[in-house]
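A.B. asks: Structure below; questions to follow.
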Amino acid sequence: MGKSEFGRLLNLVASEKWVLLAGIACLVVSSAITMSVPFFLGKVIDLVFNKSGLNKGALDGLQQFSLLLFGIFVLGGLANFARVYLFGNAALRIVRLLRSRLYRSMLMQEVGWFDTKGTGELINRLSNDTYMVGNSLSQNVSDGLRSLAMIAVGSGMMIYTSPQLAMVSALVVPAMAGMAIVYGRYVRRITRTELDKYAEIMKYAEERFGNVKTVKTFCREQQEVIAFDEKLNEALKIGYKETRARSIFFGLTGFSGNFIIISVLYYGGTLVLENSLTIGALTSFMLYAGYVAVSMNGLSNFYSLLNKGIGASERIWEILDRKCSIPLDVGLLPTSKPVGDVGFHGVNFSFPTRPDSFVLKDFSLNLTPGQTTAIVGRSGAGKTTIALLLLRLYDPQGGSITMDGMDLRTINPQWLRNNVGAVSQEPVLFSGTIRENILYGVNPGEDQSEELLQRVVEEANIGQFTNNLPDGLDTLVGQRGMMLSGGQKQRVAIARALIKNPTILLLDEATSALDAVSEQLVQNALDRLIKGRTVLTIAHRLSTIRNADNIAVLDGGRIVEQGTYDILMRMEEGAFRELVATQAFGSHPS
Ligand SMILES: Nc1ncnc2c1ncn2[C@@H]1O[C@H](COP(=O)(O)OP(=O)(O)OP(=O)(O)O)[C@@H](O)[C@H]1O
């Protein structure tokens, strides 16, 4: 175990140090009591063997020992209860703390990091890895310490009872230590590989569950099950390796323990026959040797779990240590709202997952405050990417983006996002009520009145469908808003953007057609939303494009033409004219 890893694990349990210390105190008491049994037993045997017949002295002695043992056992039971209780609850709290820190650390990362990880993998780390680490710590440490204490006391008592016999027993110690080191290293490595594999499997399953309609539409259930089974088999093979190593280790440690007992039986029997050891002492010794052997098994178990926990913790530290490239808590925090003067200056950008494929190349564009700029271009030209950069969900590799003359990289990202509203092509809602989804748009730290909420609901044409629902705004929308229609979801998303009252608005128009009534309701809501704001719209409808103050045509990663609809349409062989002619900007030419 690396020193820093061990130190970090200790740090993790530091918050529970008093509880754990109390647990250790109970552990000492319960172990001491367990370990006193062979001693008393030896005394009782010698007492019985040394007296002939049933006499009062022997009976009194027996009674006293029995009463004493009863009292001691009650105390031992209580101490054991407290030990398990304290360590068990401490384990739960440690896992909770680890999960909380990990979740925080994950959510704080920039979007580019999430692109490289699947949600299934992250969920797996959050549930499985943290559980393994917690499990390997407190309860396991409690059992491990107990085993260690029993071995220490047991060995001490073995030496006290018969130094010669103890020497014979000690022969197995170096062999066991060597085995433990080799095994520990192996388990750590294999646990990591196994967890990586399971994370990959969860990622796979999560994608299928998330898109179950597609799986069913193409009748791929059987094939999906087979593909999943194959992945499970790969993980199983890794698991087998771990089990094999564990079996060998446990087999050898068990054998070593029993080897002690055989040696003691043989050599101890000889000593009794030679009258250099009493039967009571041999019995005590045998029981101590038995305890030590059993505790060695317990210690192996502890060691195995601890190493699995260390393997799992490596994957957690990786995330906890990761510095987000777009931290939320740094940068300028202007006190007033922005004017909304946005500029892209020679921006070069590629996604982290495809670093060599530049989506934007020397891209420049200005958004005039209070005006609507429509971006048009072929599918995949990079229109949505521009919106992502303006929200600073990614940073460009070259050039800069400014808001009111300030480089986005120098502004606090939270302030920026509080002032930018976005309605995407396929708006995502969260499970909860319609009201909760609208209030999701309220900037953190700000309060919104019921009056404003009602106004926003009206402006976004939401009342039109909630009035017919028994629970109105308190109707549940289902996971990802699946219980609402496309048009209803869009209107909730518009309300969510409206309640934020952003200076800048990013609109990614839906390419999928809504029916005429829905379309009109969404359009009305949008018209109210854009009033008085700086708007960047990724336009697919010809009507939106016509109404825009400025149209920018994106091609080959840069703006190739700019102007009003009339100006662009007058350009012979212009890119815009070609787009309009081929209807290549989307599915809504009208
Ligand atoms: N997260 C990502 N990782 C890697 N590449 C991406 C990612 N998102 C988008 N891309 C790629 O970047 C390019 C631009 O995508 P973008 O979504 O900006 O296009 P678009 O112009 O909005 O297209 P559409 O009109 O079809 O929505 C595409 O080639 C796409 O494949």
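All residue numbers here begin at 1 and follow the chain in the order shown.
Cβ coordinates are placed from backbone N, Cα and C, and glycine is handled just like the others.
Automated prediction, rather than curation, is the source of TrEMBL annotations.
What TrEMBL records for this protein is below:
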type	residues	note
TRANSMEM	20-45	transmembrane segment
DOMAIN	21-308	domain 'ABC transmembrane type-1'
TRANSMEM	65-86	transmembrane segment
TRANSMEM	144-160	transmembrane segment
TRANSMEM	166-187	transmembrane segment
TRANSMEM	247-267	transmembrane segment
TRANSMEM	279-299	transmembrane segment
DOMAIN	342-581	domain 'ABC transporter'
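Describe the structural surroundings of these features, if you would.
C.D. replies: For the transmembrane segment (65-86), the residues of the chain that approach it from at least six positions outside its boundaries are 19-20, 22-23, 26-27, 29-30, 33-34, 36-37, 40, 43-44, 47, 139, 142, 146, judged by C-beta separation under 8 angstroms.
Beyond its flanks by at least six residues, the transmembrane segment (247-267) meets 164-165, 168-169, 171-172, 175-176, 179-180, 183, 285-286, 289-290, 292-294, 296-297, 300-301, 304 of its own chain at Cβ-Cβ distances under 8 Å.
Confidence for the domain 'ABC transporter' (342-581), expressed as mean pLDDT, is 86.
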A.B. asks: If we skip the immediate neighbours and take only residues 6+ beyond the ends of the transmembrane segment (166-187), which ones have a Cβ under 8 Å from one of its Cβ atoms?
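C.D. replies: Same-chain contacts beyond the ends: 1, 155, 158-159, 242, 245-246, 248-249, 252-253, 256, 259-260, 263-264, 267, 289, 292, 296, 300, 303-304, 307-308, 311.
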